[in-house]
Structures are given as structure tokens and as C-alpha cells.
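Peer 1: Below you'll find the structure I mean.
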Amino acid sequence: MEAAPEESKTSFPKESPTAEEQEEELEQVESDADQSNAEEDVEEQHGTEVCSEPEKRPEKVEKKISETFYYKYEDLYSRPFVTEDSVIPINLLTLEHSFGYDCMRTVNLLMMDSQTLLYIAGNHVVLLDLKTKSQSYLRSSSGGGIGVITAHPTKQYFAVGEKGKKPNLIIYEYPSLRPYRILRGGTEEAYVSADFNHSGTLLASVGSNPDYMLTIWAWKQEKIVLRSKAFSQDVYKVTFSPDNEEQLTTSGTGHIKFWKMALTFTGLKLQGALGRFGKTAVTDIIGYVELPDGKVISGAEWGNLLLWEGGLIKVELCRAGRKPCHNGPVSQLILDEGELVTVGKDGFIRVWDIETVDAANTVDETGLLEMEPMNELLVGKNVSLSFMAKVHDRGQPIWYAQDASGALWKLDLTFSNITRDPECLYTFHSGKIEAMSVSPVTYLMATTALDRSVRIYDFISKTQLSEIKFKEGGTALTWAPRVVNPKGGLIAVGFEDGVVRIIEVYDPKGLAIVAGRTNIGKAEMNLKQAFKPHTTAVTALAYERNGDVLATGSKDKTVFFFAVEDKYEPIGFICVPGPVQALQWSPPSHVKSTLLVLCENGFALQVPAPHPDEEGIVSTYQIKNLPMQYFHFYSIKSRIKLEEEIARREKKKQEKEKAKLEWIKQQQEMGKQIEEELEEEPEEEEPLPPLYIPEEPSPILCGFYSTPGKFWLSLGGYDSGFLYHCAFSSNEHQDNLENKQDEPFEVICMEDSDDNPIHQISFCTSRLLMFCGMQNGALRVYPLREKDLAANTLKEYWSFNVHDNDYGQIQRICSSYDDRFLITCGGDGNIFAFNILSPEDVHKELKAKIPSPRSGLEKEKAAEDIEDPNAYSIEKAKQKKEYEQIMKEAEDKKNKKREELSALRHEFLSLLQKNQELPKHMQLHREQYEMDHRIFEELDGQTTQRIQLMQKEMAWEQEKHLIGLQKLQNRFRDSLEFDTVIVHAIQSNHKISTYRLLAISEKCYQDKQRETWKKTVLKQEWKETEQREIVSETRHMQRTTVVEGESEAEKLKKSEVQTVTTCLIANQREQIKRIVEKSDKAKAKIMKRKEEWEELYKNKPSDDYENPKDAQDIKEAQENMGDHKLKTAADYRVPEHKRMNAEKKMMQLASLEVLIHEKKANMNKQIMSLRDLKVSILDEIKCLVQELKSVQAALDLSEQLPVPLIPQLHPDEVPEKKFQFDSDILLKFKHEQEAEAKLQEQLEGSPSFGVFRERFLHGPSIRETEPMTRTASVRSMKIPSSVVTEQPKVFEIEKAEPTEIELEILKREKIRNMYLQETLIKRINALVINFDAELRFLRHMKLKLDVQMKCADLCHITWFEELLLLNNFEKHEDLLQGRVNTLLSEQKAMQQKLNSYLAQMEDRKYETAKLQDCEKALYATFQASLGENNKFAHFLTKVLKKKIKRIKKKEVEREADEEDENEKEIDEESSLESAEEDSGSEDEVFDDSVCPKDCDEALFQNTIQLREKRLDIEDALTEQKKVADNLRKEYDALVKKAKAVEASLDTAEGELEAFQREKQQRLNELHVVVPLKLHQVEYLVSGEIPSDFSQALVFTNQSLEYLQKRIVDLQNEKIMQREIFKKARQQHKQLVQDKKEMETKIQRLEEKCNQLMMTKFGRLVDLEALQAHSVNTRLEELKVQMMEKEYVHCQELKEWEERILDLQQQLMMLTKENTSKLQQLNKFCLEKQQLETKLDSLKNDLGAEFQGSQSSDTMEEARLQSVFNYMAGETALLKEEITLLSRKDVCLREELALLSRKNGYLFLQPSPSQDSETPTETFPIPAPERVSNGQSAL
């Protein structure tokens, strides 16, 4: 692809471009950017088109860059900034090594070969040799940082996109690392992504905020091919399509965009289409990959994959069970060797089948498609993969992965038996490094970060020595000074949960060798002590200068002090006004040891070091008597700026005055006199800016001591840009610290730090160098001439951009103990080690010495760590301990009081006992023990109040439990229609239970009644439609009747004014009407006869006629006989009526459930009736037993029979009583539960608990004993008592000796009682036996029903399985059925259109035939008008047939302007073309506009009119043919479309049939359980029942009996059919014979009929036509019309005659008048003659002039002659008109018209309308100026 020339000034680049060339290039880039911004304003969301910039510029001579041209790296890379005129060496610091890794970048890994790895570290590109582990560096050219690196497909080049103002995109050659090309003007601030196309000729880059510019480069010529704004939010990635280099893709925050480079007629354009998420939630897209067919697969934040096609999401991919593809965002997608590899933040790498992914399509409305990966690899625990790069090492593919958790991995993704496990190559801190410190004795440093790790580095050997991890992230770290640990092996680390850990660093080689221990690492770390002084993150740690105290600061606004010993002991803490930012102890130069505490909110404190031996700390560690000095920073920056502005204005004013004085002096020296000028008006100055104090105080970033009581501060926010020298005031009042306002007494302005504040300040050991860490990641070094700061000493500095300029603010700066090295760490995760001064100064071998371990370290137990982040802090633990101590003392006191109360109670009880032992008269009453009854009243009142209070407190709980109980009842109780009720027999052990039934849902009944409801609704709709049709027909008939009535009324109205002639006409019409009606009746009769014949012929069976009954029988036989296809057959076709879907199956299940429910409900009702019977029997037995007892009371014991036991109802027979309870029952239940729980505790405590528990559980319970047994025992206890009570009565009777009568009475009474006893016992036994019999009978019925219910349950299970299967098929089936229905409706619509087109085509044919008939009639009329032997026939025929090109009306209307009239006439004349005639030659030319001589003018005009009609007919024919052709084309196209639809319909029906077959096969796979008894099994193998029944056939007895019966029926049917066939054959023969006879008879009758017609008519006539013949309706109508016309004409003639008479009268009057005037004129003439005679006599006297005739007389004579002629003509006309009016000629109107045009006389003649049949009236109007003199001629 060749790009058009871009730059107007393009020259061969030089190695070192001049400043002018760079400025020109910058101006050109700025103009390009302005043009692109203008184009961005018209860019649309889905169709971005931006023209190539080079095509919009004039073509200039292009000079190409040579392939061998290279830039010099020394001229490009950015160098440190050094203040001008300073003596600071440029190589003050030299980069020694980079220890960190910015793993939070999306892509920070580039493999150039198997040995070299590239990554970005701040302002450097680090090239890491994986074998030697050495590093080399490429520095950015601008110093603004590096945004992106990417490699050329050939790996010969790699691109580095920088950051900063107008950053460059530099192409380096590999491995020489020479700058090859520099691409300028691609973005405004920074590059975020770049990619080469597959061929490597183009490079695409994307910029960051604010422009987000997408640029396509022809990078070898350093030219921009295309550019456009990529999006309005952050863009993460841009790539070329590997298969189509004209397509690109970009993605980022909430978007993905698809780009296309299109070559249009205006040039090359870049068109972008934004991807639409549709129903899918909008997500940030980090990773994506383009497929070969143009589709794109991207990841989502929730871990699924999105397949894009055409700018839309085609399908969303997930794993089985709707699990996401990754548990977290998908960071990268790779297409590798035909497989799709996805990299997730969850640490998994999964491989997917690309063909399955590419062909994926949605199956339901969710848009999700489930699939499983082919392979997957879990790289490690807590791994978050961001990016992978592939390289081949010795032919084997190796992958290197970037882990956002701080690691680089080497992976093998071959997924074979020899696949190697993931190998972690390097580990780093993840994210911002929070703290760092350097060993005070050796070249070691320690770092910590929020990734929960602490690491030790050796910056001499450039290696990481050790790492230890904890539960929380580290936030602060310091290395203990020498005074604390002379070996330098102790570190204090603070963590974000408030814990401080003391860690030992030692060399493991110094430990004594212990069994099982291997010394592997170079250094190890050991937790020595852990304590938690704070509740939130620890932000600062500081050792006192003497090493006695460790101070810790935190965000919880406290500073804790610890005594530094072998074990750190807490001293106490102080509270500070804000979160602690930094802690610093006073240097040794100060007399007192004080601690400087810097808070984030602008407070600074100074406190002395507390003494560990201080007393007074008992219940808390808070130190309250420690003196503190406060400083609350008050902003003075606004005042400083104001003073500077005032000074600037004053200086400007002075310069102006000085210039004015010099000018005056010059003028005076030149000898010019200077006039005294008026005082100049003072210039209006701008108002000074007001003082500004920020509402929120600026945060303190860092600070340090200067002198005792004084310190320097660096602030952020508004107050940045200065170093403030502050001092603590002597008078401190802590009452209102927030309102305290302290100002610094000295300020030093730091250059270029207004928006780039100083975050860290550090000094070298000698304090000759001050190191400042800036917010933009830059490192500044200020040389100090004195140890104290001064404004003049901070003017010169050395600055170097080291860390990332956006987020790489420097967190810590540390110099080594000997000031040879400087270490910096930043927020970008990078750690840089620098040599101070040049490396030549450090030639001797240096080595870091690892501290040796303490003696006995290997034998010590591991220190107890604090792993729980919610553990108590030291202060909280102490307070809790104090609280527990107080609570323990209070509890002891309570126990003592309880013991005293118990002793008093025992003493009181003993007194009561002694009182009981005294005689009654000496005993005291209970009331006398009461000292005061009001005490008890008060106690009762208190008790009542407590009860009420408790009720109020427990009201919510009570309501809660009541609601819970109600919910449980609603859920489990109210939904029950029948609970389980077990009815027991009385004597036997038989029992019967009800079915536990839930109330059936209304849905089942609705499903059951749905079909009936549908039928009812359809029937109602049909009835309503029929009624509407009847109503509409009735209304139509009423309207017709009304119209007919109106017409008849009008006729009657007209008939009232009829004359005799009109009556004659009406009679004639009536006669015609009767004749027509008669004829119509005859025609109707004939038509009826024809219809009867047609109906008869229709009913006549055809030769292949089949009786419908026979056809139905044959069809039934075909369906029910022969070889039927089983449902398991491969070619089985599911009939339409047998097709099953989920809805039908649901209805089946609902009907089955209703049936089961009804059966069970009926059985439950019978069982409940049985229970009610038992209750009534028990009541009756109770009554009988009472009666039996009263009878046995009169009998002796020996005569008494055993009383039958009264049966009792079992608890399970009345389960509803379980839910009947009251407060007593609940209280009893509570006591039982408490007793059981207490017993359980006692048993668990005893050793014999196991044996007792076993016996207790397996032994008989009280509840399990029969109630009848309990009743028997009670009865047995009661009987002896009754016997005992009756014995005295017997003895009394024996004492009184009875008489014989009494004995007889007693004997009879005894016999009767004995009989009653036996009868009652028999009755009781009969009731019991009958009830048991009823129960056994009902139990037998229930067992049968159980069998049926089990079968129904099995059927329900099978149907439910079918329903589940059908539900799975339902969506696809609905889809296929919907497609079939759509195609059917489309086919129906097309058929309707086809029929419509056919009807229109028939109409066109009819219209064409009609026009052709008109044309034939026209030619016939023309021939008739010619007559015979017309000599102009040939000419007139040519005139008629002449072809003329006619101009349409629309064209004429468009050309109606006056200016174009001539042109239009010319066009019209030129458009007239004569056609060839059959009788003439081509050269013959004739004029058809002029009638030939001797040719009849009327005939010629008639021919012209006929020609116009012919042309109209031909135009109509042409139009009809055109319409017919269009209809034919549309019809043919529609036929093709209909065929395509029919083919699609066949395909869809085939798919539906195949789907139904597949569904039937899946249904066949379900197992159906059929319970059988042994006698039903007739499938025997060798006389035995086989174990395998897979080949057996399950058949019902009914079907078998039907088949056996069917055999006999078929034999009988066969005999019957033969008889029927025999009879039908005989009948056929008879019918054939009758047919021949009828044909002979018909022929004979036809001949007779013909003879009669010849006799009567003389020829054969059509009898039907003759019978239907009537009068010629048209002729009769014309006759009637003629009569009407004659009548009308007669009326007109009468009117004209009357008018003629009037005109004659007028003429006579005028004639008389004219005659009188003529007479008068004659008289005047005579007088004139006499006068002339007299004059003649005097002629001689008057002179010659009076001789001869006068000219006036001549003129008068001529006038009179003309009047006479006029009157004569008028008279002739009137006579002729009278003659014409007296005639009844048809041509009257024409002759009158001709008459009216003669001689130019004036007539008033109205123009008649075409439809009017009234003759035209012509009224002559004589000219008023003319006078007739023709009366004398009459």
C-alpha cells in the first residue's frame, strides 16, 4: 500500500536535525492535528470517515529516506538537567541496576528472542538477558516516560512509544539497538498501544487523553498515512487483522471499535464502526483477537467470551452450568496454531476449539452458549495473568507470562505427557512500593509493599536475597541502627492492619546444621516479635538516636513508643491531631532527644522521648503528662505571590521612569526644548489578586529538623513549590488546636515544583547532598555548601527523570551507609540503584556482608505472629484485661452477697421449723413474720412492673414467633387437604391410613378445562360472526328497499304530470317490460334446466371414480393392517395427531394428577367416615359398659362376666389435636424439655451414659404401650373397690330373711340381669367385630387402590421424564414450527398475489381485445364513410394510417414559457414523422394538413378525427401491453420466489420431520415400568423364565383378544365382500345394457325433433334461443326514445311558430315604419329636386362652383342603396328560416348553423351541450345602425 505524500516540506533526514527543521516539523504536525480535530467534529459513532491527510495537500517532490539511514542514540536519549553555570557534574548519578518491575501495566513484556526480554521501567526500556541475568537500558528521548513497546513481525525492529508533550515513537533496530526511525506528531500526551501489520509495512498507534488519536504510519518513511480519533474514553489496545491488513480493531473502556481502510474516489479513508453491546452489559474490553473470517472474539469483565460479527454480539460463550470462562476479566486472547488461547486474571490459561467458537450461535433468548475448553492450565495460586508472549527455543514453543501479582513465568502449553510445570523466573513487588530502608552496615536494602511481602536485596550483586510473606500488606519499614543491632540484621516493619513486626535478617550458613535442614538461600528472615500498637495502617517507624525507643505512627492518629530491648516492651502512646505522615527523631547535634511528628492535615508536633521507667500507667498506655509542642501550618503562598506581584509592578514602574528620564536627557543633548507637559494620567492597573487560603489545609508530604525547635516542611496541594522553615512557639495552649494558625518564618522557592511537589527529602551521610523525590518520578540532587539550608544554596541542582512520570512518584530515597550508592523506589513498582559520582571511582571489589545469625537461633521456637487482622491492639487488649478484672471483682462481690442471703434464708427456715414445733398457742402466725406489709406490696408491684416490662420487651419476639408460626401453618398445614390419619382396628392389629394429600392447584383444573373452553370460545365467536353477517345483510336489504321506494316515489311524482304522449310512451315501456320479463322467465327456466343437467353431470362419476366409503375403508385398512412401522424404526414418521409437545404433556400430567387426587380423596373420605364410625361406636360402647356395670351391680361376683374393655382413640387417629394447645400445655412442654436437657447433661457426665442411653432408646416407652393395657390396669384397680363397697349391702340383706315372694322376685330379677348382661356383652362384641370387618374390607380396597396409585405414579414419573425431555426440545421445535408457519403464511400470501396478478393479466387481455375491436370498428367506419369508388380513398387511407409522434401533456406543460415557444414549435414540427404506407413509396411526401382540391371537406375532417381516435387506441394498446408485460415480469419473478419458498418450506418441513423423529427416538430411550405378575409372563426360554426380558414384548390382554377376534371378523368380512363384489358386477352389466338402450332412444328422438323443425321452420333452429327470444330491447328502447324526441320537437316547433308570428308582427311594424320613412324621404327628394331646379335657374348668377352634382348626394345615394340591399337580404333570410322551421328534418341544427354564418350577419346562438337533445335556438339581432329601405321592393 503506497501512501500519498504527506508533508509539504519533506527532505532527507539528517543524523542531527537542526532546530529550524524540528520547528518546521512540529508546525507541520500541529497543522495535521488541527485538521484531524476538525475531521473529528463530523465523525459519527458507527461510520467514522477521515480522509488521508496527504491527499488534501498539493503534491510536492517527495524525497524518500534511505534504507540504510540510522539516527545516533547519543543524540536522542534524554540526559540529566543541570542548572546553568553550575559546577555539578552531569554524571553525578549513574544507573547501576533496576530491581523492580511494573507488573500493573497491561502489557509490559516483549520477547525479541529466546534469550532477551524487554520491559518498561520508568523512563527506561530494560533488556534482560535471561541466561546471564544482565541488564542493558534504552532511555527515553523526552524524559517524559515510556508508554508502550511492540515488536516487528520479523523481530528485526521494535517500537518504543514515549510519553510527554508531543512524544516520539522511535523504531530501534535489534540487536544493534540503533534508532532507525522517529515518528513524530502521532499524539499529544502519550502512546498507549501500537501494533505492526502482518507484513510489517505499516504501524498503528493509539494515544492517550486528551486526543485518543489513532494513527496509521508508513513508518519506514516516517509518514502518517491515516489518522482519526479512536474514541472519547481510554483506549487500551489496537491491532491489525492478521488476515486482512486493511482492517483494525481498538478496544478500551466500555467499547470495542472495528476499523476499515477504504479506498474511495476522494482518497484513502479510515472508517470506524462502534460495537453495539445490545442486551449484554457494557464492559471494558482488555483482550480480543481477530478471526480469519472477520469475526472478533473479546473478553468481558465477568470472564465470558463475546463473539462479534458485523459490529454486534453474535453469541456470549460460557462454560457448562453457566459458569464463566474465567473467574475474572479475560486479559488476553491468542490465536495459536488453530486454537484459541485465553488468559485470565484468575491465573488460568484455557485452550478452546476455534472451529466450535467460530460456528457458535445462540440457542435461546439469553444469548449464552455453553462449551468446555479442550485444555486448561492453572499457573499458580494467587496468580493474576496479564499478558503472554511466545518464542521458540530450539524449535520448541515457550511462553513467557506477565503476572500482575509480581512475577514472570515460563510456561509450556503443549499439554502432553512430558509437559513441564510452570516455572517462576522472577518475583517482584506488585504495585506501589510503600517503604524502603538500607542497612546501616552493609549493601543491603529492604522493601515492603501492599502485596504482603518483605524483600531483601543485595544491590552490589544485583540480586534478591530473601522474601517473606504475611497476611497483610506492608506500609512502613526501617532498618534498626547500629546502636540497636551492631550486626545490622534487624528490621522493623509496619503493616496495614496496625501490626509491627521485628524481623531478623541473617546468613543461614552461620546456623548450626540441624537434621532435616538444608541451607539453600543466601539470606533468610525470621520473625522475632510481633505486636499490634495501632488499629489502622502503620505509616511511620523511627528509632531514637540512642536506640532506646522505637516510635510508631499510624493513620489512627496515635504515636506509640516502645522500649527497645531484646523484647520490645510498650511504653505508651500519645494522640495527635491527624493521621501521622512521618516521624523523625532529632539528630545527635541537638541536646535533647525529641520526636518530630508530621500529620497529613497540616499539624506538626514535637514531643520528648518518654522514659520507659515512668510510673503511673495502670489502666491504659496513653501518656497524658508528656509535654507536646504544636505547629498548625497556615498558608502564606498567596501572600508570597502577592508580594512578588507588587515587587514586579514596582520594578516595572521604576524602569519606565528611568527610560523616561533617559529620553529627556537625550532630547536635551540634541538641543531640543521640551515643553512642559501636563501631568500624565496614571495608567489603570489591574487589581491585585486577593489573598487565597485553601479551605482544606494542604497535606504535609515530608519534613526534617534544622535546629532545635525548628524544622523544614514540604507541602502538597496549593502550597507546593516552596520549602517552609517553621518553628515551635514557646507558649503552647492545646485548648483549640484547629483554630491555631502558625506561619513559617522563612521560605525557599523550589524551581518547577508548583505542580510537582517534593514527596521525599533525604541526605547523604555527610549531609553534603540533599536528594529530593518529586511527584513526577524525577530525582533531584542539591549540593549543600553548608549543612544547613539556605535560599542561595538551593538554586543549583541536578535533575533526572527516573520513574514513571504519571504514577511513579518517588516513595523513598536512601543512600548506602558509605554514600557510594543511592536507591530510589516509586509508585510504579520500580527500584533503581545509582552510583554516586562516576563508576570509575568504584573499581575495587565490593561485597555485601549478610549479618550472621544469633547464637541459639536454630533452637528457638518460632515467634507467635498476629495473623488475625481483627485482633486487639495493645491498648485495647490492656483495656479489655482491665475490664475483665473489674468484672471478676464485681462477680466475686455478688457471690459473697449471694452466700450471705443463702445463710439468712436457711436461718429463717430453721426458725419456721422451730415455730412449727411449738404448741399452737405459742406459735406465731405467718403475718407476724412480716416486718412491714408494704415491703411485700412494693415487691409485688415491682414484680408486676417487671412482668409488664418483660412483656413489652418480648412483644417483638412474640409477634415474630407468631408470624413464624403462621407462615409454617400456611406453608405446611394450610396447603394440606388431608393429613395422615391412621384408623386402627379394635381387636386385631389391622390398621388403615389416609393419603396425605396437598390441595390441588387451580392450574391443573385450568389445564384440564382449557380444551373445552377453547371450543366454547370458538363456538361463541362463530355465532357472533354469523349474527353480524345477518345484521349487515338486513341493513343492506333495508337500504335497498329504501332506495327502491325513493325511485318509485320519484316515478309516481313524474307520472302525475304526464301528458297523453307520455302515457303512450309509458304503456309502450310497460309492454316491453312484460315481454322482457316473459323472456327472462323463459331464460331462467332454460338456465335452471341447464344447471340441473350440469349438476347431473357433476354427480356423474368419472371413469376412475372411487366410492368415498370404499376409500375410507381402504385408508382404515392401510392404517390398521399390514406391516406397521414401530416407533423405534429408523424411518418411522410421527403422524400429525400423535405429535407430542410440552403443552400437551402438561395437560396429560395435569389430568393424571387430578385423577389421582380424586381417587385418593374419595378413599380418604371413606377412611374418615370409618373413623367417625369408630368414634360413634366408642361412644355407644361407653354407654353400654355403663349400663352393663349397673346390671352387674345387682349380680353376684361369681355371676358377673368380665366387662369388655372400652377402646380408646389412638393419637394418630386424631392428628388435628396436635395443633390444639393452650398456655398450660406449652408450659408443661417447656418443663419437659428442660428436664430432658438436664437429664441429658447429667447422663453425658456419667460413665454409664452409653449403656443407659442404649437401654433408654431401645426400651419400651410409655407412649408406645397400648392404651387398652393402661385402661385394663385402671379397671382392674377400680373393680375391687366397687366390690368392697357393695359387700356391706349384701350382709344387710342376709340379715333380713326374705319371703318366698321376695325370693321369686329376686330370682326373676337375677335371670333378667343375666340376660341383659349377655345381651350387652354380645352387642359390644358385635359392634367391635363389625367395625373390624368394615376396616378390613376398606383396607382391602385401599390395597387395590395402592396398586393403581403406584402404577399411576410410575406413569407420572415416565410422563414427567418425557416432559423434561420435551421442554429441552420445545424451543428448537417452536423455532422450526415457527419457520414452517412463516413459510406457509408466506406461501399463502404469494399464492394470493399470484392469483391477483393472474386476474389483472386477464383484465389486461380483455381490455386489449376490447381496444382491438374498437380499432376494427374504427376502420370499418372509415371504409363506410369512403363509400364506393372514392378517388381520394388512397390519400385518405394514408392520412388515417399516418404515424404521428404525439407529445404528452406533461411535456407541454413544462415548456409553456413564452421565451421557448419558437423552439417548442420547431420540436413539435420535427417530431411529426410520416410512416411508410403499403401502397406508397418511401420517397413520397404529402401534406396531410390541407384538404386536396375537389375532396369533401367533411370527409377529410372526419378522417382526421378518426386518425386521432386511432392514435388514442394505439396509445391505449401500447399502455395495456406495457402494463401486461410488467405484470408478466412480476408474475414470473413471484413464481420463482414462490418456488424458492416452496423449496424452503419442503426443507423446513423435512427438518421438522427429522426433529420429530429425533424427539421420538429420545422418547423411546426412556424406560417405562410395567408391573407384571408371574402368571402374566408367557415369555419362556426352555420352559423357564429368562433373566433377560429385553427381547420380550409387553402386550395387553384386551389387544390380544381384539386381534384374535379380528381374525374371525376378517374371514367373515372377506366372504361378505365377495358377495358384494358379485352383486356389483351383475349390476354393472345391467347398467351397461341400459345405457346402450338409452343412447338409441335419444338418437331416435333427436332425428324426430329435427324433422319437425324442418317442417315448421324450414331449417334447424336453436329451440332454446327461440324460446328465450323476445323483442329487440334496444330497438324498442330506441323507438320509445324517438317518440319522446318527436314529442319534444313538436313542442319546440310550436314555440318556434309562435316566435315566428311575433317576429313577423315585428317585421311588419318595422316595414311600416320604414315605408313611412321612405315616403318622407321621397318627399324630401322631391323637395330637393325642386330646389335644385331653382338653383339651376340661378346657376349663371352663382358661378361655376355651384354647377354639377354634389359629392354628398352621391354618397347618400350609395348609402341608401346598401340599406335597401340589407333589407332585401334580411327578408330572404327570414323566409328561408320560416321554411326551415316548418320542416322536420334531422339536419335542422346544421342548416341553422350554416344559416347563422351567412353573409356575416349577427346571430345569438347558444352552444348546446353534448348530452342535450334539445334543438338549438338562434335569435337574429339586426344591426341598430342599419336602416332598411327595401320595403318598397316587397
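Every residue, even glycine, has its Cβ placed from backbone N, Cα and C.
These figures come from a predicted structure and were not determined experimentally.
So TrEMBL says this about it:
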| type | residues | note |
| --- | --- | --- |
| COILED | 873-907 | coiled coil |
| COILED | 1510-1565 | coiled coil |
| COILED | 1593-1655 | coiled coil |
| COILED | 1693-1741 | coiled coil |
| COMPBIAS | 1806-1817 | compositional bias 'Polar residues' |
| DOMAIN | 148-357 | domain 'EML-like first beta-propeller' |
| REPEAT | 340-362 | repeat 'WD' |
| REPEAT | 426-467 | repeat 'WD' |
| REPEAT | 531-565 | repeat 'WD' |
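How buried are these features, and what lies next to them?
Peer 2: For the coiled coil (1593-1655), the predicted model reports an average pLDDT of 88.
Outside the repeat 'WD' (340-362), and at least 6 residues removed from its termini, the chain residues within Cβ reach (under 8 Å) are 287, 289, 291, 293, 295, 297, 299, 303, 305, 307, 314-317, 325-334, 368-369, 371, 373-388, 401, 404, 411, 413, 415.
In terms of DSSP secondary structure, the repeat 'WD' (426-467) contains 0 helix, 25 strand, 17 coil.
Cβ atoms under 8 Å from those of the repeat 'WD' (531-565) belong to residues 475-478, 480-481, 483-484, 492-500, 571-588, 593, 595, 597, 599, 607, 609-610, 612, 621, 623, 866, 871-876 of the same chain, restricted to positions at least 6 beyond its ends.
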Peer 1: Can you work out which residues elsewhere in the same chain, 6+ from the ends of the coiled coil (873-907), have a Cβ less than 8 Å from its Cβ atoms?
Peer 2: 498, 531-535, 560, 570, 573, 619-622
Peer 1: So, by DSSP, how many helix, strand and coil residues make up the repeat 'WD' (531-565)?
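Peer 2: Going through the repeat 'WD' (531-565) residue by residue, I get 0 helix, 19 strand, 16 coil.
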Peer 1: Just give the helix, strand and coil counts over the repeat 'WD' (340-362), going by DSSP.
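Peer 2: Tallied per class, the repeat 'WD' (340-362) gives 5 helix, 11 strand, 7 coil.
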